[in-house]
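Per TrEMBL, these features apply:
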ACT_SITE  22  active site, charge relay system
ACT_SITE  82  active site, charge relay system
ACT_SITE  242  active site, charge relay system
DOMAIN    15-278  domain 'Peptidase S8/S53'
């Protein structure tokens, strides 16, 4: 990816809010706290009051969608660790002599937790992210059945000009097979980008799904060092397409920060155009493997 060369061009993506819809985010992690989206009205408001009138009480760092989408609270603390690891790849604080460096040294990450990851909860989570200013949403998740409610939320995101980054899933499936249907990736909205995982040797990770049309791009996804969500394990290794997707979310934020007048579809087109055509994954994605340096050094 040539990340060090890319960071010589830009490290700051704090002008673009990135929502992580997942298991929550440990907003107390010391390598993340200064890179979180903060709802200033709630931070400086009164406890137990919806100070900004967005329908959620005390949503300082994001929200938690629960009970099939019927309840939304203001505490998105991670309950499983997955979301914190995703956030760490996107925006663990860089160059701070502590922990790790992420794709975006400076970022604004909005935490949106789903209790059960039902389509109804995901739809509410997407709408919350849109309504509160997210321009990029990372969704390292998916299901085998289609939901009209979730699709409607995706349509709203498309109309709002939001980028949604999706993981390709870990079944090792050919997504170009006509019988393959996994959602939301199979909807193929133009504002979405589907990401599979590669190894340090630039091979497809053995569990990663693939497809010359069903998968848009690849990114590193094996033995990625990122944040843990407990004090006993503040850092850990992760593997899978879930952890490839946030590389692309972070890259999109840096590109959009560098060229803020681009549309969401232009950002995605640029990422795919500047991807490396790696021989070992030829024909397994629509473009190739993410090259962060080319994405920031080549004018769109």
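Counting begins at 1 with the first residue displayed.
The backbone N, Cα and C atoms fix where each Cβ goes, and this holds for glycine too.
Whatever TrEMBL says is automated annotation, not expert-curated.
These figures come from a predicted structure and were not determined experimentally.
Contacts of residue 22 (active site, charge relay system) defined by a Cβ separation under 8 A and a same-chain sequence distance of 6+ are given as 82, 83, 86, 112, 113, 114, 138, 139, 140, 141, in order along the sequence. Listed in sequence order, the residues of the same chain lying 6 or more apart from residue 242 (active site, charge relay system) and placing their CB within less than 8 Å of its CB are 82, 86, 140, 141, 167, 170, 221.
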